[in-house]
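Following: one structure in structure tokens, then a few remarks.
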Amino acid sequence: MKILLIGYGAMNQRVARLAEEKGHEIVGVIENTPKATTPYQQYQHIADVKDADVAIDFSNPNLLFPLLDEEFHLPLVVATTGEKEKLLNKLDELSQNMPVFFSANMSYGVHALTKILAAAVPLLDDFDIELTEAHHNKKVDAPSGTLEKLYDVIVSLKENVTPVYDRHELNEKRQPQDIGIHSIRGGTIVGEHEVLFAGTDETIQITHRAQSKDIFANGAIQAAERLVNKPNGFYTFDNL
């Protein structure tokens, strides 16, 4: 499989290493600013890369969105987070002409976490729910795209829920419809996501901890391996 990388930060550097270990080939890189240290052919436009089988994106909206407005037809794996609604609308449009895969978290374990959460919410309907995510001190966006995905699962199963990001200015008791959303930034934490169900005299916690960023890179590669054989359409872990 011949792979074009969109972005060449820490994550796509891992994708390159792991993909080559699997026998795949990196045919080029698209970056905001070309760098002399990048060990692959650098391009400005997706359509300029004639021999790629798939593109894997671990970048940012500033790099990705202009590329998505260009004319190209290439299977696309997208892991960029930020401006999610705008991104999903654009990817849905592109999926009419090419296979597109999107996940805010490329770990299959996190996908399993969403399924566990979907099963737990109806069973624990009278429990309070708090969501917490923790990441390294260089992560810019908060809350994480994964935590937003977990919140979306809850919204799909409970009525009239309210996200609460900060209780500092709230001078009232917790309301039943509140869903607490908390972000922690520090050190080199790869990624942790926890769902707390708090009931009367008991709590249940469901936690996913990433121990290496390799799980995200491998998840993107595995998605690409499947996507190249798919017809045009929008794909997630649910239908890939």
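Even glycines carry a Cβ here, placed using N, Cα and C.
In three-state terms derived from DSSP, Asn105 (NAD(+) binding site) belongs to neither a helical nor a strand segment and is classed as coil. If you look up Swiss-Prot, you'll see Ala79, Thr80, Thr81, Ser103, Ala104, Asn105, Met106 marked as NAD(+) binding site, on the strength of sequence analysis.
Within 10 Å of the C-beta of His135 (active site, proton donor/acceptor) there are 25 other C-beta atoms, taking all protein chains into account. Under the three-state DSSP scheme, His135 (active site, proton donor/acceptor) falls in the strand class. The active site, proton donor/acceptor annotation in Swiss-Prot covers His135 and rests on sequence analysis.
Taken from Swiss-Prot, the feature (S)-2,3,4,5-tetrahydrodipicolinate binding site applies to His136, Gly145, Thr146, supported by sequence analysis. Counting only residues at least six positions away in the same chain, the Cβ atoms of Ala104, Asn105, Val110, Glu133, Gly191, His193 sit under 8 Å from the Cβ of Thr146 ((S)-2,3,4,5-tetrahydrodipicolinate binding site).
Long-range neighbours of Lys139 (active site, proton donor) (same chain, six or more residues apart, CB within less than 8 Å of its CB): Arg185. Annotated active site, proton donor per Swiss-Prot: Lys139, in sequence order.
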### Task
Over all pairs in Ala79, Thr80, Thr81, Ser103, Ala104, Asn105, Met106, the listed NAD(+) binding residues, work out the largest Cα-Cα distance in Å.
11
## Note on the structure
Going by C-beta under 8 A and a gap of 6 or more residues, the same-chain neighbours of Ala79 (NAD(+) binding site) are Met11, Ile56, Asp57, Phe58, Phe102, Ser103, Ala104, Met106, Phe216, Ala220
### Task
Find the one among the recorded positions Thr80, Thr81, His135 whose C-alpha lies closest to that of Gly145 ((S)-2,3,4,5-tetrahydrodipicolinate binding site).
Thr81
